[in-house]
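Copied over from TrEMBL, here are the features:
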DOMAIN    4-129  domain '1-deoxy-D-xylulose 5-phosphate reductoisomerase N-terminal'
BINDING   Thr10, Gly11, Ser12, Ile13, Gly36, Arg37, Asn38, Asn121, Glu123, Gly202  NADPH binding site
BINDING   Lys122, Ser148, Glu149, Ser173, His196, Ser209, Asn214, Lys215, Glu218  1-deoxy-D-xylulose 5-phosphate binding site
DOMAIN    143-226  domain '1-deoxy-D-xylulose 5-phosphate reductoisomerase C-terminal'
BINDING   Asp147, Glu149, Glu218  Mn(2+) binding site
DOMAIN    259-378  domain 'DXP reductoisomerase C-terminal'
Amino acid sequence: MRRVSIFGATGSIGCNTLDLIARDPEAYEVVALTGGRNVAKLAKQARAFGAKIAVVADEGDLDDLRDALRGSGVEAGAGRQAILEAAARPVDWAMSAIVGAAGLEPGLAALRNGGTLALANKESLVCAGPLLMETARRHGATILPVDSEHSAVFQALTGERMEAVERVIITASGGAFRDWPIERLATATAAEAATHPNWDMGQRITIDSASMFNKALELIETREFFGVDPARIEVLVHPESLIHAIVGFTDGGLMAHVGPHDMRHAIGYALNWPDRAHIPVERLDFAAMGRLTFEAPDEVKYPALRLAREVMRDRGLSGTVFNGAKERALDHFIAGRISFLHMAETVERVLNIMSSERLGIDASTLDMVRNADETARKRVDEVLPRLTS
Ligand code: NAD
Ligand code: MG
């Protein structure tokens, strides 16, 4: 029996992970499941999987969770500290699937026990790549990528030497506004941005796909996880989302990873690595597909990509600032306080303001990361009134 925990169990990635675990219940012992505010869903999952402990994000929800778990034998916890304690319980495999920088510390807590961390939470690598990788190294833990593009790169690199890698191409669907002219983006609403052409994901990452902030985070994720020179990382718009990444080698050969757009493939790969298991995703029919299409990304329409290049150049805390500012700008966009285009404008302003504050420090400590994240969010609120209308 493998002991597993899932941070962010009630979300899109969390539910897909439990879907795979449910297919082979004898193989797993579920230790900790954490959620955000959806008490009923978390309690239902914890009962169904016989978890040892279930934890919600808000301390105020503790009584409700206790009620919902009464008689189940599942321990209840609530609040940030309780999530960190649950995440620190030793397991063989943990899924990091909380959305946002809030996922960083639970991931670090799990890494300190050794074992394997399946990393869906790309924000961890953007905010604190060196810290995360160093913590894994120090504790003999393994990090496996779950983001579909990074799982694809990881798979394409099996058996290869990094010195033979010439380029890494990650694909982008183009998101909800791929076919919108740039002039129309100013009026885009959160509801319009939250519909993805191919993938079924959480609301925040879906809006980030429409703005290409998701792809921007993934550029940085590629740089931090694989240690590839940013000049060798490319984004390619591929509307069908069937090729997830392509790795080019020095001999001119390319390895493309092709698969259905169903996250259970990448989650299942991380769950079963280094083996492969039967995963119940669609089998692709190439003849029926007919053709696959590609286009270059538009960096004028999507400034997030350009900003990610600056962050990869500066490294250090600039990733933390970039992500924190993006998260706060996204909060404001979802609440209807700023327009779609204001998100990138805000993030750029905050990066510029804070770039004078010694961002390019490589070995950031957790305190520095926390502090930079908090400050970036405050700066967003400060620049808000000065945005161009
Ligand atoms: P989601 O919004 O569906 O789920 C997020 C989970 O985190 C939920 O369980 C939520 O309750 C919990 N959560 C939210 N805020 C929290 C907080 N402050 N403290 C503790 N828990 C909190 O998101 P998702 O789409 O499942 O994405 C999860 C992560 O995986 C993100 O980092 C995302 O970028 C990444 N990812 C997702 C997909 C996908 O297909 N959904 C693909 C690639 C990467
Ligand atoms: Mg992705």
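Every residue, even glycine, has its Cβ placed from backbone N, Cα and C.
A TrEMBL annotation is a machine prediction, not a hand-curated record.
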Spatially closest candidate among Lys122, His196, Asn214, the listed binding-site residues, to Gly36 (NADPH binding site) (Cα to Cα): Lys122
Listed binding-site residues adjacent to ligand 2, that is, members of Thr10, Ser12, Asp147, Glu149, His196 whose C-beta is under 6 A away: Asp147, Glu149
Listed binding-site residues adjacent to ligand 1, that is, members of Asp147, Glu149, Asn214, Glu218 whose C-beta is under 6 A away: Asp147
Secondary structure of Asp147 (Mn(2+) binding site) (DSSP, helix/strand/coil): coil
Whole-number Å value for how far Lys122 (1-deoxy-D-xylulose 5-phosphate binding site) lies from Asn38 (NADPH binding site) (Cα to Cα): 22
Shell list (Mn(2+); ref centroid = CB of Asp147, Glu149, Glu218; cutoff 8 A): Lys122, Pro145, Ser148, His150, Ile170, Asn214, Lys215, Leu217, Glu221, Thr222, His244, Ala245
Same chain, 6+ residues apart, C-beta under 8 Å of the C-beta of Ser12 (NADPH binding site), given in sequence order: Asp200, Met201, Gly202, Met263
Maximum Cα-Cα separation in Å among residues Thr10, Gly11, Ser12, Ile13, Gly36, Arg37, Asn38, Asn121, Glu123, Gly202, which the record lists as binding NADPH: 22
Residue among binding-site residues Thr10, Asn38, Asn214 with least C-beta crowding, 10 angstrom cut-off: Asn38
